[in-house]
Amino acid sequence: MADLQWDTELEEISPVPDKVRQVEVETGNSWRRVDAQDPRGRCALHYAAEAGQLEAVEYLIEAGSKVNLGDRESLTPLHLAAVRGHLDVVKCLLDMKAHVNAKCTDKMTPLHYSASRGHVDIVTTLISHGASVNTLDSGDRTPLKLAASRDLYQVVKVLVESNAKVNIEDVKGYTALCEAVWQKNVAMARLLLEAGAKLTPTPFLLHYAILHRHSEMIELLLEAGAMVNIRDDHGSTPLIVAAVTAQPTIIRLLLKYGAQVDFCGGLSWKTPLLSVLQTDHIPTDLGVILELIMGGADVDKPCWDMTPLYAAICHNKVDAANLLLRHGASVTPRPGVRSHDPMFIARRIGALPIVQTLVLCGYDLQKNCPEISKYEPGTFPDPNTVEGWLRIQRFEPLKLCELARIKVRSLRPRRCSMADYVRSLGLPHLLEEYLLISEIQADYSELRGSACKPNFSVFWGFVD
């Protein structure tokens, strides 16, 4: 035992055969190789780059690790460092000749990854080292398109300043401007438009902005030349969308930029006015109807044999019907069509305010309602009910001032709104209100049995 030398080298005790040494030289020993890959196809450099371990990255490269080795998805260490935001590692890999435009299996480059994650400094570094700003991934998306879809304004700005093409479409036909509008980012949309972005008609960006009530974006798109009368996939124009979503301010803006107020939808062939009157899922905004009328809407234009007044009454929108009548809607029933007589419908639903307004607008009770019988002597019908009020009006003549009003209103030019016509007469404000039949006031919460009496007292000073 004393003769044993415990510090003898292992090779001396058990020498490696020469054949084994030759194989190691030719093939290398797997546990000693710095580029050995795991089941995911990644080597130590992949993990060091992804973790941002700069010293480990430098050591591995110095030891012979390949900087452009891809894993099973063809992701290189530069891809991983870029997506994780490790600027120092990215610079190190680029200095070691990493391929700046290397693509993985879905054709994404390091610039795609860094742009989609908002790493502005890495985006700038990659571009300065020759990264292509217009490279496409498998979905034909550019780094600019990805950055816009993530609402990353600063990245978009860097790419635009680096001469990225702003009108490249992906496989769905969408551009970076589409993403900016969908993200409701006005500053980004303005930046892209100033860089030459075009407003393609198919994504219906103006419709989208109106639907989401983004007035600033709407005005920006209109200023950029958005098609104001284009129909979407449902056949609706921007004006129809604004009308049915009750946005009078947007209606005024669209009309200012040339929207055609009576331009019909492509599927229903309804005008904006008729569309809003036939919309039951939201309350009717009288401001919307008034904006359309003041914008020149034809209050009598029919669609599929239905006028706006008929639609308003059928949908129990009494206040809207009253507004239409005040602004010149025709009270004359269509020959031979009893159901299209506005008085017939108003009587059926018990809408006293509409019945009163129809008569005050010139509806001929003598000609069109012969079935209304005269009340017996010594009795007096209830003026707070529809039939009672009609019995009184049928057999008692209108006042001279009411007849004069009907005559003055009948002289309105066809393509002129009633309000504009009345204003053009140069009358005192009180007379203007009288010509617009503003005395009819009612509670529209209930139709059947609703009670309303015209408030003529305000006019008695000059009527009687």
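Keep in mind that glycine also has a Cβ here, set from the backbone N, Cα and C atoms.
Feature list (source: TrEMBL):
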REPEAT    40-72  repeat 'ANK'
REPEAT    73-105  repeat 'ANK'
REPEAT    106-138  repeat 'ANK'
REPEAT    139-171  repeat 'ANK'
REPEAT    206-233  repeat 'ANK'
REPEAT    234-266  repeat 'ANK'
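Averaged over the repeat 'ANK' (139-171), the predicted model has a pLDDT of 97. If one looks beyond the repeat 'ANK' (73-105) by at least 6 residues along the same chain, the residues whose Cβ comes under 8 Å of a Cβ in the stretch are 41, 45-46, 48-54, 57-58, 61, 67, 111, 113-114, 117, 119, 121-122, 125-126, 129-132, 135. Residues 73, 76, 78-79, 81-83, 85, 87, 90-91, 94, 100, 144, 146-147, 149-150, 152, 154-155, 158-159, 162-165, 168 of the same chain lie 6 or more positions beyond the ends of the repeat 'ANK' (106-138) yet place their CB under 8 Å from a CB of it. Non-local neighbours of the repeat 'ANK' (139-171) in the same chain are 109, 111-112, 115-120, 123-124, 127, 133, 177, 179-180, 182-183, 185, 187-188, 191-192, 195-198, 200; each lies 6+ residues outside the stretch with a CB under 8 Å from one of its CB atoms.
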